[in-house]
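In what follows, a single structure is set out as structure tokens and then discussed.
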Amino acid sequence: MTSAKTGRLILEIVMIILSLLFLYPLILAIINSFKSFSEVMSDVIAMPQQFNFDNYAYVWKYINYPRLFINNTIITLIGLIGIILFSSVAAYKLSRTQSKWSNMIYLLCIIPMLIPFQSIMLTVLQLAKNLHLSDSTWGLGILYWGFGAPLAVFIYHGFVKGIPREIDESATIDGASGFKLFFLVIFPLLQSVTTTIIIIDVMWIWNDFLLPLLMVNGSPATKTLTLAAYTFVGQYTSDWQYAMTAMVMAVMPSIIVFVLLQKYIVRGVVAGAVKG
Amino acid sequence: MKMGRKWSDRLQFGIFTLPVLICIAVAFYIPFVMTVRYSLTKWNGIAKHPKFVGLDNFHQIFTGDANFSSAAWFTIKYMVLYIVLVNVLAIVLALILDMKLRSTTWLRAAFFVPYILSLVIVGFIWKFIFMQGFESLGATTGWGIFAMSWLGEPGLAFISILGVSIWQSVGFYMVIYIAGLQAVPEDLKEAATVDGAGAFRKFFSITLPLLAPSITISVFMALTNSIKVFDVILSLTGGGPGGTTYSVAYDIYRDTFQNNLYGYGTAKALVLFIAVLVITFIQLGIFKRREVEA
């Protein structure tokens, strides 16, 4: 009994050390964001002589951090709202209707999950230009509707099956139908799936790189956080203290949100992955 | 009356499903049709009209393109190793973190954190570690492993890319496996213990077969993600040293946007699409069948 207990304790200690080693690259990045250029160059693993925020002040101004943050928020919000709104109504209707048409449309909705983005990136860019969606945060947000819809339709479709049809019927008898039935009765019942989709899509849209690179890289006013960090490092490859600061500033929002919502995020990812 | 009802039903069906269909068509189907059309042309993006060349692009891809074949080889090697390693590591982690350790919550969070970070940024952070951090670590510890040129030598650069990708995503697969393990009934494991099965026997005869659905999902996701590997290479090695770490996705990006070979690049993109399609169907077919047996 005691030997099993000590074994467990040893395992626990080993795992804690392992997890700290695992996070060490991130810790190093944070440490070095507080150092001056000469400190970074002389010793990367040493602690900074003093924690000053000079690098942060410099990068904050240079990349116009508030602007980027707002851009990211606009893109993510527009993307999310459209994905959830359009996918949930469509998935609900498709799941409730039994016909050749609805099966075919459902397939059309989910097949794109298999198309790699690189296979269509050039033509998406051209189409977006023709539709006047490029070089704007709004336009990028709108484009995410289509890119996010297949998975969202798939997840909602599976979930609606679990909601008894009697609910629709009794609501119809009470006089609700169409959009009223959906938004007042069904949509609230979909809350847990909606949370899952919000989590998956926020993580994806907030961090996405290639689509923003192609769509909104033209002007500093439309850049996203990741994009700005990418171009910033391109210009400052030898000034690692600034580069690391920009990295830390780009990932900080994700880390803060994760720490606050950890439980929901992990649960949401599992739900999405298992359904997907 | 009945006729009217039917039409209003149809109208409602249209109103509910049309928006999403339009969005998906704009994001996927229209671009896809355009891709198929461009893949049959020679076009630099500047000339007014793409020049129709039939299947010439495809002929060139498979016979006279050293870049494509080396990128394809890189991607295949990466894909196979990534799928195997990330899944094995994730299962091991999940098994340990499924035991009721006191620090389980912290440990799960710690291993998951890199997954919430953008891959481009993860690549840059690791570039910093490989280029600057390893120097200091080597000086402090005196270990030769830190003195090696992890981004400067082709073989090592490959390992670095693979390692960094695994580091970023292993927590995600771990979470899927933990969820799978929690669905394995306790009494089955207990019964096996009573019957005298050791830890290994229990794992291979009970836990692993019951994990089959999680394995199918994880392998599927690892497959679709690894075949498109791009971001991490862009920021970590930029394709170097000497162009040895170009993946297919990166090769397509380079041909299209850096060399302005619009027609040729889209032809490669179409080849990638077909490869993804075939490999995915084979994988799902094999794993689903195994699942039924289990």
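Counting starts with 1 at the first residue shown.
Cβ atoms here come from the backbone N, Cα and C positions, even for glycine.
It should be emphasised that the depicted structure is a prediction, and the values quoted were computed from it without experimental measurement.
If you check TrEMBL, you get these features:
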DOMAIN    B:72-283  domain 'ABC transmembrane type-1'
TRANSMEM  B:12-34  transmembrane segment
TRANSMEM  B:78-97  transmembrane segment
TRANSMEM  B:109-129  transmembrane segment
TRANSMEM  B:156-182  transmembrane segment
TRANSMEM  B:203-223  transmembrane segment
TRANSMEM  B:269-287  transmembrane segment
Would the transmembrane segment (B:203-223) and the transmembrane segment (B:78-97) count as touching if the test is at least 3 Cβ pairs under 8 Å, pairs 6 or more apart?
-> yes
Taking the transmembrane segment (B:109-129) as reference, which of B:12-34, B:78-97, B:156-182 has the most Cβ pairs under 8 angstroms?
-> B:156-182
Is the transmembrane segment (B:12-34) in contact with the transmembrane segment (B:78-97), using three or more Cβ pairs under 8 angstroms as the rule and ignoring pairs under 6 apart in sequence?
-> no
Taking a Cβ cut-off under 8 Å, which residues six or more beyond the ends of the transmembrane segment (B:156-182) line up next to it in the same chain?
-> 74, 77-78, 81-82, 85-87, 89-91, 93-95, 97-98, 108, 111-115, 117, 119, 122-123, 126, 130, 148-150, 207, 210-211, 213-214, 217-218, 221-222, 225-226, 229, 232-233, 236-237, 240-241, 244-245
Sort out the residues at least 6 away from either end of the transmembrane segment (B:12-34), same chain, that have Cβ-Cβ distances under 8 Å to it, and list them.
-> none
